[in-house]
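Asks: Please read through the structure below; I'll follow up with questions.
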Amino acid sequence: FDTGSTGYISTGKFRTLLESHSSKLDPHKKEVLLALADSHADGQICYQDFVNLMSNKRSNSFRQAILQGNRRLSSKALLEEKGLSLSQRLIRHVAYETLPREIDRKWYYDSYTCCPPPWFMITVTLMEARTRVALFLASGVLLDQFVLQVTHPRYLKNSLVYHPQLRAQAWRYVTYIFMHAGVEHLGLNVVLQLLVGVPLEMVHGATRIGLIYVAGVVAGGGGGPLPKEGSLAVSVADMTAPVVGSSGGVYALVSAHLANIVMNWSGMKCQLKLLRMAVALICMSMEFGRAVWLRFHPSAYPPCPHPSFVAHLGGVAVGITLGVVVLRNYEQRLQDQSLWWIFVTMYTIFVLFAVFWNIFAYTLLDLKLPPPP
């Protein structure tokens, strides 16, 4: 069709090509390809645009060309299709839960193969739950306390908890996510990771969702005295408090998802979205309120402090910045988004600031830290 090797063919030839291979194409992908043809007013289609579409690497300008094309999708919405299998209904449900545009929902529905499966969130949750439950039960038996275990002074003796006096023990800057304040803290984090994290990973992939989760954990929780172990929100804003739990990563995912729903309210077609959003906000607020109350409640064993709540705020900050950019740009190259680079730069600056703060501030401020456990 491109006899002159120009990299372009006419829209007429492109339509002929589609018709000759229509039996091999999914109907939704055929609609997108026809929309591609109608979006080019000059009557020429670039080969690179076609390659990008078929390889799921759509640029922002390409999406705008599709959305602003002259042709409207004529077929019925994906939600109205009948006779779907259980797996097809599940994929359709996930599409409507996470994507605001019908063209993206149809594209995801046709493209998703469950290969690879959402392994990141499932693996992380299983590993964390296995460790958390074992440690929770062991601590409950040893301390004779299953609710608000973290208020017990012997709890901080656990080698996994982050404590400001033990910053030199580098493993604590990661292992703190395996410890929780109690059964209520543990249960909420596991439920939110599964209900929110798994569907998001099914749509956006393990790399992008893992990026949000890890960035939230790092920003919200522990760190260390070395550059590669930067201590972030807690060690900057609440320097005398220990840290437990993975709320930073969980709140980053949930905040990004809720913010994406609000920003695309009219396009999101998930059922009872207002009620479900209210329930999610109430659960997050109750957990955050519990953390704030616990932090400022007089310690039963002074001068041992209660864990910080700042990790929750660090996770929210990551979610409404980096997280929203990732979720808003389904199947688009993040490096093409100016907001992506702005937020990555801001995050990097904060990390570097927190590293140097954690190295020098404790000495320069002559801060009185609680005694080691």
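Numbering starts at 1 and runs along the chain as displayed.
Cβ from N, Cα, C; glycine included.
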Asks: If you check TrEMBL, which stretch out of 30-47, 138-155, 210-227 is marked transmembrane segment?
Replies: 210-227
Asks: Using a Cβ cut-off under 8 Å, which residues of the same chain at least 6 positions beyond either end of the transmembrane segment (239-262) come close to it?
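Replies: The answer is 98, 100, 128, 150, 156, 161-164, 176-177, 179-181, 185, 189, 192-193, 196-197, 200, 209, 212-222, 233, 268, 270, 273, 277, 280-281, 284, 287, 291, 295, 305-308, 310-312, 314-316, 318-320, 322-324, 326-328, 361-362, 367-370.
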Asks: Between His312 (active site) and Ser247 (active site, nucleophile), find the distance joining the two CA atoms and give it rounded to the nearest Å.
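Replies: Cα of His312 (active site) to Cα of Ser247 (active site, nucleophile) measures 6 Å after rounding.
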Asks: Go through the chain and flag residues at least 6 beyond the ends of the transmembrane segment (308-327) whose CB is under 8 A from any CB in it; none is fine as an answer.
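Replies: Non-local partners: 98, 200, 204, 208-209, 211-212, 215-217, 219-221, 232-234, 237-238, 241-243, 245, 247-257, 259-260, 263, 287-288, 291-292, 294-295, 334, 337, 339-340, 343-344, 346-347.
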Asks: Restricting to the same chain and to residues at least six past its boundaries, which positions have a Cβ under 8 Å from a Cβ of the transmembrane segment (274-296)?
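Replies: Distant Cβ neighbours of the transmembrane segment (274-296) are 148, 150-151, 181, 184-185, 188, 192, 238, 241, 247, 251, 254, 258, 261-262, 305-309, 312.
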Asks: For Ser247 (active site, nucleophile), what is the secondary structure state per DSSP, taken as helix, strand or coil?
Replies: helix
